[in-house]
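Q: Straight out of TrEMBL:
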type	residues	note
TRANSMEM	25-44	transmembrane segment
TRANSMEM	126-144	transmembrane segment
TRANSMEM	213-236	transmembrane segment
TRANSMEM	278-299	transmembrane segment
TRANSMEM	330-347	transmembrane segment
TRANSMEM	367-384	transmembrane segment
TRANSMEM	391-416	transmembrane segment
TRANSMEM	422-444	transmembrane segment
């Protein structure tokens with residue numbers, strides 16, 4: 001679950017946050033991680049209490065047409081996440097190979113590494129831990145090498161203020177929230193908790209399981225938060241306020257093969273995952289570049305495995321698929337990897353890294369299709385029994401989801417308005433009507449679940465009672 005907070009999209013958001021705003025947005029990263037933890041708590045409780053993951057619950061409670069639309073939206077989010085992970089790995093391999101065009105190899109590497117999951121769940125968890133350790137050591141090395149001001153790090157983390165910030169920093173703050181909270185991760189976490197044996201007839205045992213899952217999630221997200229802080233602090237200390245001219249001169253002095261990436265002007269430096277590795281190499285030596293690339297590769301390789309499982313659980317839950325392992329893996333991986341492979345084959349690294357903004361927008365748009373259902377179903381007494389959300393969680397959860405969705409919609413609007421195309425504006429307007437109509441439908445059902453029964457005008461919204469399911473999910477390769 002915590003891997004989704006460390007994917008290449010998050011890393012790119014972190015380095016841009018540091019380069020554009022210094023340490024001033026660390027408190028936004030902290031707040032987004034805490035909000036993410038609270039949402040993961042809801043996902044885990046749903047799986048623990050009902051024995052069903054979120055996709056299965058949606059399949060059971062939503063009518064056919066809304067259910068199919070919801071499935072398609074979540075699949076889009078998974079495809080977008082997969083593309084970011086493949087792009088990140090392709091960029092890492094490109095940096096490690098000193099610029100050779102091997103983007104398709106990144107795709108192949110990603111599709112092959114998840115074969116380890118056939119070795120068993122415990123070995124798989126150990127491998128995830130190994131990859132997280134690589135990220136911690138890689139980005140931790142960069143942190144020690146750059147040696148950021150610790151006082152500024154703490155001030156940026158705990159003082160919710162952004163002195164001298166403008167539209168650029170505001171957009172970046174919105175991007176931080178959008179990158180941290182991933183829609184498919186809510187579906188994934190509600191399924192992962194089913195891998196442990198729990199006697200759901202025993203209320204005390206269910207309560208204990210909820211407590212320890214929350215502690216486990218807190219520790220995991222604390223580690224991922226520290227790794228994200230490493231990246232933000234490195235780029236805040238070393239590159240905040242620098243110009244293209246400064247970087248170009250430094251890269252020329254060190255004989256970097258990538259100095260042409262930075263025009264000789266006094267505009268503020270713009271970095272991404274690829275350029276970030278290059279500038280680290282220019283200022284702190286080749287070791288910094290290669291260690292950065294290894295960390296990005298570990299992030300991409302681990303994140304694609306979470307995408308694999310998310311796709312598997314989402315498709316099985318929404319469509320009631322009971323195919324053979326081979327058929328399930330072939331279909332779920334093909335849906336996600338095929339568009340990514342096309343992009344990787346026909347685009348160079350500079351264009352690949354530029355796609356991350358579009359993919360972040362795509363995932364931001366899908367966020368309501370995870371957050372609204374999870375609040376809806378964890379608030380149903382008929383489903384959750386004594387573990388349904390109380391009044392505080394209903395109001396607090398509703399407000400948090402409203403704020404997160406509003407922030408992400410702002411990010412989408414900013415991106416669309418920057419396209420400067422009348423045709424795209426018209427297309428976006430038409431798409432927005434359909435999009436907002438479906439979101440309104442989900443909100444309507446959510447409000448009824450939260451207790452606003454007067455909105456159920458004809459008594460048409462029926463939520464069947466819970467059916468406890470003790471089967472554990474299969475983790476396919």
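Note: Cβ is positioned from N, Cα and C throughout, glycine not excepted.
Given the structure is predicted, the values throughout are model-derived calculations rather than measurements.
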Q: State the residues, same chain only, that lie 6 or more residues beyond the ends of the transmembrane segment (126-144) and have a CB under 8 A from a CB inside it; answer 'none' if no residue qualifies.
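A: Sequence-distant neighbours of the transmembrane segment (126-144): 2-3, 6, 116, 223-224, 226-227, 230-231, 233-234, 280, 284, 288, 291-292, 294-295, 298-299, 301-302, 305.
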Q: Give the one range among 25-44, 278-299, 367-384, 391-416 whose Cβ atoms make the most pairs under 8 Å with those of the transmembrane segment (422-444).
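A: Ranked by Cβ pairs under 8 Å, first place goes to 367-384.
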Q: Residue list, the transmembrane segment (367-384) vs rest of chain: Cβ under 8 Å, 6 or more residues beyond ends.
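A: Sequence-distant neighbours of the transmembrane segment (367-384): 39, 42-43, 45-46, 49-50, 54, 57-58, 61, 70, 73-74, 77, 178, 181, 183-187, 190, 393-394, 397-398, 401, 404-405, 408, 439, 442-443, 445-446, 449-451, 463-466.
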